[in-house]
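Asker: Here's a structure for you.
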């Protein structure tokens, strides 16, 4: 499986610096251009087999751009299959409660964010609606994994492999990655050279924030397939750096153990002496249940982190136009200067 965890395009609330969790903030004109660039790039480089998206319009419309370009590529080769988009409510962003649609609070305490400090001062006020808990977000992430993603490993792909795009939101995607990480044998994780070259230190549970339309790309393959001499066309040319051991180590771990939680991080060095990556045990509160199914016989490679290759060369429209909410009925500026056709 190839897996793309994609954040939506830029929104009006992103530009305004407002909390937009379950609030259905619209894409800006620039956000639509970002989504279009993403769709075009993936359409030219990747044949996606499944698209899942949050039903909030910023994610759904970003997914539609990916879908549109995938369908165009299919039509070009007379492939009539309709890929479709599966909207999954579990993929919506964290509910910010009282803070929905409000501006970011200035930091007043060096040990707390502005919102955390405000929350501590006002959480008992009448009418205050609390922020969705981390436990709730983790449960939703697990529900998506158990109900949608992991069953694909039991289903034969139509082509060489399943290629899955998940279009969602920054906080949800971060938690989704961490919940997926809990299901992977620690010794099965590898990092592509391009990733380690770009980052001096990579802590797996905290890969960094998702930019608008940025994506995390993973390959998840059975250990025998991942270590065979036949390299799939989409894999990196240079050998990835392993954070664990040999194939025998992976098989042994798959047979005798499951990923475990620990209060002390387990740090493993990548194979390069000049680069290292930390793999930490999950700091999941004890109230959050461990996931049920684990991918014990699969090896995972991190191919790209917050990839924005598709945005190279894209510039925001000037005069504030790029920051405005996108209106699907609006005409492009150059259309006003086209000559009228003479009959």
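Using N, Cα and C of the backbone, Cβ positions are placed for all residues, glycine too.
Per TrEMBL, substrate binding site is recorded for 7, 8, 9, 10, 11, 12, 13, 14, 58. The region 'Disordered' annotation in TrEMBL covers 257-278.
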Asker: Excluding 7, 8, 9, 10, 11, 12, 13, 14, 58, which residues of the same chain place their Cβ within 8 Å of the centroid of the Cβ atoms of the recorded substrate site?
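Answerer: After dropping the recorded site residues, what remains is 20, 25, 26, 27, 28, 31, 212.
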Asker: Looking only at 7, 8, 9, 10, 11, 12, 13, 14, 58, which the record lists for substrate, tell me the maximum pairwise CA distance in angstrom.
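Answerer: Those residues reach a largest Cα separation of 15 Å.
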Asker: Please compare the binding-site residues 7, 58 by how many other CB atoms fall within 10 Å of each one's CB, and tell me which has the fewest.
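Answerer: Ranked by other Cβ atoms within 10 Å, the binding-site residues 7, 58 bottom out at 7.
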Asker: Within its own chain, what residues at least 6 apart in sequence put their Cβ under 8 Å from the Cβ of residue 11 (substrate binding site), listed in sequence order?
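Answerer: In sequence order, 20, 25, 26, 27, 28, 31, 58 meet the Cβ cut-off.
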Asker: Give me the non-local Cβ neighbours of residue 13 (substrate binding site): same chain, 6+ apart in sequence, Cβ-Cβ under 8 Å, ordered along the sequence.
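Answerer: Same-chain residues close to residue 13 (substrate binding site) (Cβ under 8 Å, separated by 6 or more) are 19, 20, 23, 25, 101.
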Asker: Report the same-chain neighbours of residue 9 (substrate binding site): residues 6+ apart in sequence with Cβ closer than 8 Å to its Cβ, ordered by sequence.
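Answerer: Long-range Cβ contacts: 27, 28, 30, 31, 32, 33, 34, 35, 38, 58, 61, 62, 65, 212, 213.
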